[in-house]
């Protein structure tokens, strides 16, 4: 087949081209906010519209377009859906074996206040999981835990998506930062330093914001000491670790520091009023559980599924383990790489999105052993043995997990199909170039490019792979630091995670809100836009006023 070259301005006017390119995204927003369609229906129609735009407007060859849709769908199944299946399975094992009541009791013994439980589980534990695994696992696990603690499913999912803003940039052992360095040629350590000079401000803001969502101004007044301890310790550790150690460990270090500081603080301090969602009966049951006397051994045993999960995910994430499966590694043959027919290196990305015409690779990687989902499955198997769960119960639990997740898995597949057709057709790059045409105001809009990338792909890593080079080019054109705008792509990207269709589908799957994706999207969308504007203001100030903050 011939090499097809992307054309980012088919209409001959970048604004008109970007308007047509935005049709699938505008439809997706409209479908969830106004039409209130189920997630899988909205995603299916969005793929159809994106495919039509790619074929009719961008003149993408039919074979290339269909191949990108199929590639995206399978990428949604592996590795993304695999992570969700394994994570929900671990949670169900904990519930089925009766251990979750003990976990709930142990958290209630630290604090019965659900605002503070949100800080412990949603923020601290979620940030740790983001640092170790990323790619949807933290929201799935923490949202399920919070539902078990008595949170309403919509609130658990929505709050976890919003609070996940703080750690995403350094997620999965710093992969978003490392990828930004690879595609721009800028030292990834310096990018990490710059992100570490933007995100700590957002961390504090996000935690106060969460308290306001949960309990209004009263919530802020009653919990501010705990928020300052949790957010302040996290922000300081995030700044120090990113600026003096590197981009791989800020989430791991910051989350552990924050968890330790918050737990010790809550032994000395509790809010004057205990805040609980839901009815009085449920609260009374929880308070009874809080006073149930479990031994330290029982509590430790109950937490073992999540301790196993933490251990296996961390092991799978460390560089020596990853190196085994990399090219030239001892176990490289265990990774099955399948070049996608009719797509691999048959589409060329063109300047100014890249410095020179570059063939776009499309290789499906089936890393059956080294995938994060497999690490979580190992934790599940260890838990089954350790908790002496009957094999028949374990099999039926896994079966019910698959049955429950069938529709969400289809949704995730369609969402990734949309992301891939957007990328391979050049649709996403058209939107990026339109933003880059805003001149000196681009410092404000720069984070929106990262936001758009994460909305489209569900991943800060993928957003950086798509747009970091364009950010660097635009920065040079308007005379500001390329390091700053590449970092802004990463920092802005984290604010798009909470409305990314992939994240919405994952969160709904984890808390049993299948078909309610529109409710969750409406819950998070305004917060996402406000946070992106805040990052835009921070970036603009750093570009023109606080230039001393740039490394």
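Glycine is treated like the rest: Cβ placed from N, Cα and C.
The stretch that Swiss-Prot tags with transmembrane segment, taken from the ranges 159-179, 285-305, is 159-179.
Feature transmembrane segment, per Swiss-Prot, maps to range 131-151 of the set 131-151, 320-340. For the transmembrane segment (69-89), the list of distant contacts is 47, 51, 133, 135-137, 140-141, 144, 309, 340, 343, 362, 364, 366-367, 371-374, 376-377, 379-380, 397-398, 401-402, 404-405, 408-409, 412-421, 458, 502, 506, 509-510: same-chain residues at least six beyond its ends, Cβ to Cβ under 8 Å. Of the two recorded stretches, the transmembrane segment (37-57) lies close to the transmembrane segment (405-425), with three or more CB pairs under 8 Å once pairs fewer than 6 apart in sequence are set aside. Remote same-chain residues near the transmembrane segment (194-214) are listed as 114-115, 118-119, 122-123, 155, 159, 162-163, 165-166, 169-170, 177, 220, 223-224, 227, 230-232, 234-236, 238-239, 241-243, 247, 250, 275, 483-484, 486-488, 490-491, 494, 527, 531, 534-535, 538-539, 542, 549-551 (criterion: CB distance under 8 Å, separation of at least six residues from the stretch ends). At the 8 Å Cβ threshold, with sequence separation of at least 6, the transmembrane segment (244-264) comes into contact with the transmembrane segment (131-151) through 3 or more pairs. Highest Cβ pair count under 8 Å relative to the transmembrane segment (366-386), across stretches 13-33, 131-151, 220-240, 405-425, 438-458: 131-151.
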